[in-house]
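See structure below.
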Amino acid sequence: MPDQLLFAIEVTLNGLMAGVMYALVALGFVLIFKASGIFNYAQGVMALFAALTLVGLQNGQVPFAHLINAIFGTDVHHFGWHLPAFVAIILTIGVMILLAIIVERYVLKHLVNQEPIILFMATIGLAYFMEGFGDMMWGSEIKKLDVGLPQGISESIDATTYNWFGYGFFIDRLDIVATVIAALLVISLTLFSQYSKQGRALRAVADDHQAALSVGISLRFIWVLVWSIAGFVALVAGIMWGAKSGVQFSLSLIALKALPVLMLGGFTSIPGAIVGGLIIGVGEKLFEFAIGPMIGGATENWFAYVLALLFLVFRPQGLFGEKIIERV
Amino acid sequence: MKDMSEGYTTADGRKIGGTMMEMKNITLRFGGVVAIKDISFDIREGEIRAIIGPNGAGKSSMLNVISGFYIPSEGEVWFHGSKRPQMKPYQVAQQGIARTFQNIALFKGMSTLDNMMTGRMTRMKSSMAQQAMWWGKAQKEESEHREAVEKIIDFLEIQAIRKTPVGRLPYGLQKRVELGRALAAEPKLLLLDEPMAGMNVEEKEDMSRFILDVNDEFGTTIALIEHDMGVVMDLSDRVVVMDYGKKIGDGTPDEVRNNQDVIDAYLGVSHD
Ligand SMILES: Nc1ncnc2c1ncn2[C@@H]1O[C@H](COP(=O)(O)OP(=O)(O)O)[C@@H](O)[C@H]1O
Ligand SMILES: [Mg+2]
């Protein structure tokens, strides 16, 4: 095979794996949007907050250490323990569920039946609050996240592909793991929503609130449930991204990449979020590879948005959405 | 205080029991609009109770009060001999009260089967943790619910549309699926808001037959709203007549038919 083609394949594979990441974040948006019609601006910050909490718990950091020290003149930093990764992950899941309960209890409950724009604004407030709260709780310095995921280029893939094609593919092992985990997450979410009582309730609420109430479903419970799941998805995204580039504020900005994904995939389609994420991941890498050098590179910064814009113009309902025909 | 009014026997020999539900002096206001004005009536075990009246009389509002969708401004709701505290619709559903809506509220993206499985929500016991941990047990429960739903599908003669997304079904069948979903809960009290509105004669006859059979075979107590006097006279044991938010008649179909206020309301005003 010609080298150019092999290189393009390698770029595509890398793009697919970046796309998995985008898809994960977009998935969190879709879940909440479907169940409650809320566009959750805080989804990205939730990923950051989850990753911060995970690292903090794992390293035995004292929460609010700065604040405590400032008030009491103490000098506490760490509890002096180091939790195993899975314990820290389970505790973080607990924190995300708690967060979901608090959001429902103190924000959503008071805003039922409000206009979508008001709920959207509330999530903007929530995003800034959580960002500041995360900072105050765990400190704002960049942190290393290590839950034992494999890192670095996979030598076996490099060697095998070299043997086959005379060209070794560079694939990050973390990307492979992330892809597998994301796939498992999507499969279990699908099974959950198709076959469990609560999953069915979730779909019911997403479909028709009034009907859901009439069959005995508590909306408040569903909201806590869906925000918990979105929190869990945010944690998974936070772990992957954090393992790759450290836990820092920029993590919350991956949410911005989820936006074009949603415009492609549609705001209410789970398959749409996944396929949209993959298209954008592959698209931006291939575009950079093929066209980038001709126009001075750095196309990855804007490619996704331009693609989304084209979609907005020519197919506003997204890839999988049904054609919108205004009733008159 | 318990009110166990004596039951009675209907003309066709069905035994009607004591009071199941009692509405006491219900008033419901929306801003300046008084949708229900100081209405009292009861529903007895095993009967088919109709609420009739012209458009805008407040019939749907009354059903919404019973099912917890509206909170009455004044008055009390008594159920099985005790005063019901203020409840959310889902809590009312959990007490064994199922309903349909005047403007069909189905899960349009789900199949008939899934809609009806969702109707069994209040009958599904295992929690999320249990389902995750005892997959086998959860599967067994699922198949038991499935069996119950299949029986209702047979009963309503909708086998052919089991897998069809209900959004694609014609109106008459949607109404039937909505009834099926309510029946899936095996309710003690079934509330039907204009189950025959917009149907053709044949569909109306089918629906009437289903309502009578549900009452007869499952012993389900039914409160139904109907616009059309004729249909109501055939189906119901007792009738409440509403007009402009007030109760203007209450009794057997014959009593109601001969009530002068009722005749005036139906002849004098044509709200639709
Ligand atoms: N949610 C609501 N908000 C404001 N007004 C309402 C609401 N529901 C019903 N109404 C008013 O209450 C009155 C009775 O309506 P309804 O109960 O639907 O009558 P019916 O079912 O007998 O046709 C009408 O004037 C209607 O406009
Ligand atoms: Mg009505």
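Glycine too: its Cβ is placed from the backbone N, Cα and C atoms.
Those TrEMBL annotations? Automatic predictions, nothing curated.
Quick look at what TrEMBL lists:
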- A:6-31: transmembrane segment (TRANSMEM)
- A:38-59: transmembrane segment (TRANSMEM)
- A:79-103: transmembrane segment (TRANSMEM)
- A:110-130: transmembrane segment (TRANSMEM)
- A:176-196: transmembrane segment (TRANSMEM)
- A:217-241: transmembrane segment (TRANSMEM)
- A:261-282: transmembrane segment (TRANSMEM)
- A:294-314: transmembrane segment (TRANSMEM)
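Only residues 6 or more beyond the boundaries of the transmembrane segment (A:261-282), in the same chain, are considered here, and those with a CB under 8 A from a CB of the stretch are 12, 15-27, 29-31, 33-34, 39, 186, 189-190, 206, 303-304, 307-308, 311-312, 317-321. Between the transmembrane segment (A:6-31) and the stretches A:38-59, A:79-103, A:110-130, A:294-314, it is A:38-59 that has the most C-beta pairs under 8 angstroms. If you look at the transmembrane segment (A:79-103), the same-chain residues 6 or more away from its ends with a CB under 8 A from one of its CBs are 46, 49-50, 53-54, 57-62, 126, 146-148, 223-225, 227-228, 230-232, 234-235, 239. Within the same chain, residues 16-17, 20-21, 23-24, 27, 149-150, 154, 202-203, 229, 233, 236, 240, 270, 274 sit at least 6 positions outside the transmembrane segment (A:176-196) and bring their C-beta atoms closer than 8 Å to a C-beta of that stretch.
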